[in-house]
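Annotated features, as they stand in TrEMBL:
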type    : residues                       : note
BINDING : CYS34, CYS37, CYS40, CYS44     : [4Fe-4S] cluster 1 binding site
BINDING : CYS66, CYS69, CYS72, CYS76     : [4Fe-4S] cluster 2 binding site
BINDING : CYS138, CYS141, CYS144, CYS148 : [4Fe-4S] cluster 3 binding site
DOMAIN  : 23-54                          : domain '4Fe-4S ferredoxin-type'
DOMAIN  : 55-86                          : domain '4Fe-4S ferredoxin-type'
DOMAIN  : 129-158                        : domain '4Fe-4S ferredoxin-type'
Amino acid sequence: MFDRSRRNLLSRRRTPTLQRLPWVVDEDTFVDSCTRCNKCISACETQIIVKGDGGFPTVDFTRGECTFCTRCADVCPEPLFHPTTEQPWGIRAQINPSCLAQHKIECRSCGDVCEVQAIRFKLQAGGVATPELDADVCNGCGACLSVCPASAISMFTTEREEK
Ligand code: SF4
Ligand code: SF4
Ligand code: SF4
C-alpha cells in the first residue's frame, strides 16, 4: 500500500474542477493517452469513476469513497498511472460553513466514517461539538463527502513539495 505519512504533504490549495483517478499522471498526458476504454470504470469497486467531459474518466465522490483498491490502475492498458506504492493523490477534504454542527445542530456523520480519524469533534461551551479536520491526516478518500447531510464537505487539491 502507499505511504500515508505526512512526508509528501503539500502546500497550495485550489478548488478542483474535476478529479481524476488516484495515482494518475498529469492532466495533459492523461488526456493525450487515455483511450476512453472504460475499463477503469468497470473495475472500480465502489463505482465512483464516471464518464466525465469528453468521455474521460473522472471520480465522483458524491457516489462514495475511494478505497485505494488499485483496480483502476491495475486494469488500465496505458501507461497512465504512477506506481501504487506512491501517495495516490494530493487531494484533501475541507469542511465548509454550511456544516450543521457549526449552526448548533448535532451531527457527527463525517467523523463517524473517517477511518483515519482526520476529523475530531471539539465541544464548544454552551453549544454542540464542532468538527476539526486535520489535512495532514486526511488521505482524500472522499468518504465524508457523500454522508454529509448539509453538503458541507468539498475536496481541494494540494501541490506536492516533494515526491
Ligand atoms: S483505487 Fe479502487 S476504489 Fe479507488 S478509484 Fe480506483 S478502482 Fe475505484
Ligand atoms: S482504463 Fe486507462 S485508458 Fe481506459 S479509460 Fe481508464 S484511464 Fe483511460
Ligand atoms: S476525505 Fe477521507 S480521510 Fe479525509 S477527512 Fe474525509 S473521510 Fe477522512
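Every residue, even glycine, has its Cβ placed from backbone N, Cα and C.
TrEMBL: automatically predicted annotations, no manual curation.
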CB neighbours within 10 A of CYS69 ([4Fe-4S] cluster 2 binding site), counting all protein chains shown, number 14
If you measure CYS40 ([4Fe-4S] cluster 1 binding site) to CYS76 ([4Fe-4S] cluster 2 binding site) at Cα, how many Å is it?
6
With a Cβ cut-off under 8 Å, give me the same-chain residues at least six positions beyond the ends of the domain '4Fe-4S ferredoxin-type' (129-158) that come close to it.
4, 6, 9-16, 19, 48, 59, 61-68, 88-102, 106-123
Candidates near ligand 2 among the binding-site residues CYS37, CYS40, CYS69, CYS76, judged by a Cβ under 6 angstroms
CYS37, CYS40, CYS76
Do any of the binding-site residues CYS44, CYS66, CYS72, CYS144 touch ligand 1, in the sense that the CB is under 6 Å from one of its atoms?
CYS44, CYS66, CYS72
As a quick check of your reading of DSSP, tell me how many residues in the domain '4Fe-4S ferredoxin-type' (55-86) are helical, how many are strand and how many are coil.
9 helix, 4 strand, 19 coil
Around the Cβ of CYS148 ([4Fe-4S] cluster 3 binding site), the count of other Cβ atoms that are within 10 Å
21
Write down the Cα-Cα distance for CYS76 ([4Fe-4S] cluster 2 binding site) and CYS34 ([4Fe-4S] cluster 1 binding site), rounded and given in Å.
9
Quick check: with CYS66, CYS69, CYS72, CYS76 left out, which same-chain residues have Cβ atoms within 8 Å of the centroid of the [4Fe-4S] cluster 2 site Cβ atoms?
LEU21, PRO22, TRP23, CYS40, ALA43, CYS44, ILE49, PHE68, THR70, ARG71, ALA73, ASP74, VAL75
Close binding-site residues near CYS141 ([4Fe-4S] cluster 3 binding site), where close means Cα within 10 Å, chosen from CYS37, CYS44, CYS66, CYS69, CYS72, CYS76:
CYS66
Highest Cβ count within 10 Å among the binding-site residues CYS34, CYS37, CYS40, CYS44, CYS72: which residue is it?
CYS72
